[in-house]
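Some notes on the structure that comes next.
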Amino acid sequence: MTDRTSVSATDRILIIDFGSQVTQLIARRVRESGVYSEIQPFNTVTAASIAAFAPKGVILSGGPASVTAADTPRAPIELFTMGLPVLGICYGQQTMVAQLGGRVEAPDHREFGRAFVEVTAGCALFDGVWTPGERDQVWMSHGDRVDAIPEGFSVVAVSEGAPYAAIADEARHFYGVQFHPEVVHTPKGAALLRNFTHGICGCGGDWTMAAFKDQAIARVREQVGSGRVICGLSGGVDSSVVAALIHEAIGEQLVCVLVDHGMMRQGETEQVVRVFRDRFNITLVHRDASELFLGKLDGVVDPEAKRKIIGATFIDVFDEEARKVGGADFLAQGTLYPDVIESVSFTGGPSVTIKSHHNVGGLPERMKMALVEPLRELFKDEVRDLGRELGLPDEMVGRHPFPGPGLAIRIPGQPLTREKLDILRRADAIYLEEIRNAGLYDVIWQAFAVLLPVRTVGVMGDARSYDFALALRAVTSTDGMTADYYPFDHTFLGRVANRIINEVKGVNRVVYDITSKPPGTIEWE
């Protein structure tokens, strides 16, 4: 949870999270309409905390629990007497109904996936979007449903599986929907949310990235004062935006350290040095530690072992370089909003680690520095917008996500060598060049090549070859949580494969990965 006074926005919406997998989408949709929103877990929200946050309205998210069971999550009962507009979504609708005297049941018939609602009456939530008698598509995902509504409410939409698909208490500005307006599968959902934030709550929609930039610069200056900040640059979007923002705030008080572990993409290190040292005139220490990293990784095949070795070695090198420049009072990190809110467990138990994340989490304690995290209220797409506001080049802020361990986890099932890294680096560059030439780079969430631990027989010229097979991966996504493979046409794939085989010595076979997430992950390791 972020500090409640961290963003100086007059108009703000509080989202109380009951554990839905798509709560972040609610926040994104609200912010897309120019209104700052913040997610707070149900078990931390009180009447006092709501008053301190001073929202213009409150949204109750969905969740996996059943209102009909004992000891399941509830909103603070005082919320409903504070005079604030409230919108309950799915579980949020159900708990509002139950807490206000209505009834929720667990019927035999459930609704999951696409459904259609029939609008039975008008209300402020539907203004300009739906009219009585209209039928439209929504996305449902519920087992329980409202069986009786509290006094003051009326039904405004129904569906086959939900007789109270949407309800309204216009006098108190309470609204509930059984469907999910935040997902793209509810085509008019964003318009409904905008009606709530702008029309019902009266938000002005003036939260912009330009305004955020000014506020963030002021906060950095206030926090740092005359202190010194050190920032680890990786070439990725997050660290680049952090460095540019802090430099605009405090100038020469910032020192950046670029630790080159030898596993960056082609030309990436040179671009980072050029942009930050030459264009922004930032003090930048560039350490080529590739020999050290590759030595530590010699013979290592296990992906988790790779990540841990790279993380630990990075900390050692970063610490060494920081001491050389005289140390610092603060460490800048590119923590994003999903990193903050994903740490909340709604079951009280640990979450399963699918892959450990490479970060500099061990540095603050070891180096006795306070953290500066100016991006901790932003989603990834907002970070890109902020980067553009700060004047970073599009080829940097629009860059596809790249893992901290770099190309090390794109050479699976085999020990790393410079030769393999060079083969992968050249093949990856050709692939991305062709994607850009086809005008597809900004359409695709992430694309990369993977050097497989397989050698295959081929014929090149009149001679037998026995070289590596290479996999190509490209996915579309909105947030990286789920993803689908990009459907390239065969002509494009043939052109890429032909170039790689002809231009990259050591590869004689190219395949395309058509696995979605889930069941696969985007990266191979």
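Every residue gets a Cβ built from N, Cα and C, even glycine.
For reference, Swiss-Prot has these:
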ACT_SITE  Cys90  active site, nucleophile
ACT_SITE  His180  active site
ACT_SITE  Glu182  active site
BINDING   Ser234, Gly235, Gly236, Val237, Asp238, Ser239, Ser240  ATP binding site
DOMAIN    12-206  domain 'Glutamine amidotransferase type-1'
DOMAIN    207-399  domain 'GMPS ATP-PPase'
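Known features from Swiss-Prot, placed on the structure.
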| residue | record | DSSP class |
| --- | --- | --- |
| Cys90 | active site, nucleophile | coil |
| His180 | active site | coil |
| Ser234 | ATP binding site | coil |
| Ser239 | ATP binding site | helix |
Output field, ATP shell: CB within 8 Å of site CB centroid, site Ser234, Gly235, Gly236, Val237, Asp238, Ser239, Ser240 dropped: Leu233, Val241, Val242, Gly334, Phe402
Listed recorded positions (Cys90, Val237), ranked by Cβ neighbours within 10 Å, top entry: Cys90
Distance from His180 (active site) back to Asp238 (ATP binding site), taken between C-alpha atoms, in Å: 30
Mean of the pLDDT scores, which run from 0 to 100, over the domain 'Glutamine amidotransferase type-1' (12-206): 92
Using Cα positions only, nearest of the active-site residues to Ser240 (ATP binding site) (Cys90, His180, Glu182): Glu182
Residue, out of the recorded positions Glu182, Asp238, whose Cβ gathers the largest set of other Cβ atoms within 10 Å: Glu182
Protein Cβ atoms within 10 Å of Ser234 (ATP binding site), excluding its own: 23
Spatial separation of Glu182 (active site) from Gly235 (ATP binding site) - C-alpha basis, Å: 32
Cα proximity to His180 (active site), best match among recorded positions Cys90, Ser234, Gly236, Val237, Ser239: Cys90
Binding-site residues compared (Gly235, Gly236) - highest count of Cβ atoms within 10 Å: Gly235
